[in-house]
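Now, the feature entries from TrEMBL:
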REGION    1-61  region 'Disordered'
COMPBIAS  21-37  compositional bias 'Polar residues'
TRANSMEM  70-93  transmembrane segment
TRANSMEM  105-124  transmembrane segment
TRANSMEM  131-150  transmembrane segment
TRANSMEM  156-179  transmembrane segment
TRANSMEM  191-215  transmembrane segment
TRANSMEM  221-243  transmembrane segment
TRANSMEM  264-291  transmembrane segment
TRANSMEM  303-324  transmembrane segment
TRANSMEM  331-351  transmembrane segment
TRANSMEM  357-383  transmembrane segment
TRANSMEM  395-415  transmembrane segment
TRANSMEM  421-447  transmembrane segment
Amino acid sequence: MNVDIEKVASVSPPSDKKPKLTTQDPDLSDNTSLTSRTPEDNHSNDTTLSEQEEEEFIPPDGGLKAWSQVLAAMLINMLAWGYPTAFGVYQLHYRDTLNLPEAQVSWIGSLQVFLAFALCIFSGRLADAGYIHSTIIAGTFLVVFGTFMTSLCTSYWQIFLAQGLCTGLGLGIIFMPPLSVVNSYFKRKKALALAISAMGTGLGSVVFPAVIQYLIPKVGFAWAVRCAGFVALGISVVSVVLLRPVLKPRRSGPVFEWEAFREGPYLLFTLGAFLFFWALFFGSFFINAFARNIVGFSTTDSVQLLLITNGMSVVARPITGYLADNYIGPINMHAFQMFLLGCMFFFWLAVDSATGLYVFAVFLGFAMGAAQGVFGGALASLLKDPRKMGTRFGMVCTICAFSSLAGPPTAGAIIDRSNGSYTWACVWAGTVVVMASFTIMTARIAVTGLKLFVKI
């Protein structure tokens with residue numbers, strides 16, 4: 001069913017009678033003049049191309065304005081995905097203070113990740129319609145409000161509503177708009193730009209747990225969480241200032257394009273992503289619990305191990321993005337890194353010492369970051385119309401929301417039923433991710449045929 005975004009958005013669209021601007025922007029094109037603003041008239045510097053200019057528009061693939069969009073997207077990723085990825089720190093605290101099993105505590109983090117994915121279909125469509133800044137502002141309010149409410153919680157259901165529900169809603173709203181903007185500024189360097197944007201996930205998953213873990217013994221859990229909320233607010237403010245959409249808004253069209261699933265490659269990619277995110281968060285949610293319960297780490301050492309894992313994911317993302325753009329292709333790279341990540345989950349079975357766990361954490365973090373870093377670039381390479389990036393990507397994320405919701409509780413239930421052993425949880429995660437890798441390769445074959453050396 002087609003939905004007119006103009007009827008549901010809170011900001012009125014611009015009038016068609018606005019005069020054409022004559023300002024030239026060297027970061028966009030030497031011969032491209034700018035036209036009327038995006039629907040958010042309070043941002044006077046936001047400019048979009050007319051329909052004729054848009055057809056002739058060539059993404060700059062660089063320049064100050066283009067890379068500033070990447071910085072803004074990286075900051076939003078730092079919040080949208082770095083914050084929930086750091087749930088392992090919260091999980092240890094909640095389990096100790098509330099005396100609850102792993103599976104039950106995992107539902108808080110899983111709900112957060114679920115909503116971060118599920119709302120992408122709506123925020124992505126609003127991004128395509130041009131409502132970039134107002135969407136991020138609304139999401140930021142929910143994130144900060146939910147974080148401050150979490151600092152006041154004393155029971156499981158309160159934490160579930162504040163951190164899981166409220167914060168999760170905000171994370172889902174802010175994620176898609178910057179990604180859609182970055183996609184419109186790059187073509188040849190698209191995978192690299194999106195991979196650098198994705199570095200924010202790793203940075204956030206280092207910054208947020210480090211802030212909380214460092215401050216808890218000094219100021220207490222409540223103020224440590226509030227400080228994380230102030231960090232989130234600052235990140236969002238900078239991002240809103242930097243973001244400048246360039247493509248003409250697509251304000252009419254379906255929120256969910258069912259006909260997209262008639263495209264074989266897109267359908268297979270979605271299935272592969274569903275499997276991938278089902279098992280992905282097993283590593284970041286449970287490696288610190290494994291370190292403490294199986295290997296004998298202290299709580300502080302187990303959190304430091306999580307920081308090492310997340311830090312290595314930061315290193316991996318730009319490397320894989322560069323290789324994908326220049327040598328391998330984003331889909332090929334995505335499938336290959338998925339396969340390596342699946343193998344890493346199997347290698348987890350052999351870890352039984354502190355030294356071995358530190359070495360394993362380095363490789364696991366790199367594999368997780370590499371597999372996630374080219375996810376956006378791989379999907380973008382399947383799209384012919386860049387204006388549909390928000391909608392199509394949001395559809396995939398919404399479907400993946402259900403697998404990411406079930407993933408950590410599934411792993412937690414397997415561990416609980418195995419009397420605390422991680423063996424079968426590792427087997428489950430490795431099998432699922434390897435299956436996802438083969439599914440992505442099938443999507444690649446649907447595009448190129450059985451040709452082996454094809455960059456895509």
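The backbone N, Cα and C atoms fix where each Cβ goes, glycine too.
Within the same chain, the transmembrane segment (131-150) packs against the transmembrane segment (221-243): three or more Cβ pairs sit under 8 Å, each pair at least 6 residues apart. The listed stretches are 105-124, 191-215, 303-324, 395-415, 421-447; of these, 421-447 has the most Cβ pairs under 8 Å to the transmembrane segment (264-291). Among residues of the same chain six or more beyond the transmembrane segment (421-447), those with a C-beta under 8 A of the stretch's C-beta atoms are 264-269, 271-276, 278-280, 282-283, 286, 290, 294, 331-332, 334-336, 338-339, 341-346, 348-349, 371, 378, 382, 410-411, 414-415, 456. Between the transmembrane segment (191-215) and the stretches 105-124, 156-179, 303-324, 331-351, it is 303-324 that has the most C-beta pairs under 8 angstroms. Between the transmembrane segment (221-243) and the stretches 70-93, 303-324, 357-383, 395-415, the greatest number of Cβ pairs separated by less than 8 Å involves 70-93. The list of residues near the transmembrane segment (357-383) in space but at least 6 beyond its ends in sequence, with Cβ under 8 angstroms from a Cβ of it, reads 179, 183, 190-192, 194-195, 197-199, 201-202, 263, 265-266, 269, 273, 276, 280, 283-284, 287, 290-291, 295, 297, 305, 308-321, 324-325, 329-331, 333-334, 337-338, 340-341, 344, 347-348, 351, 389, 392-393, 396, 433, 440, 443, 447, 456.
Here the transmembrane segment (156-179) has long-range neighbours at 69, 72-73, 76-77, 79-81, 83-84, 90, 94, 98, 100, 104, 107-120, 122-124, 126-127, 131-132, 135-136, 138-147, 149-150, 194, 197, 236, 239, 243, 376, 389-390, 393-394, 397, meaning same-chain residues at least 6 beyond its ends whose C-beta is under 8 angstroms from one of its own.
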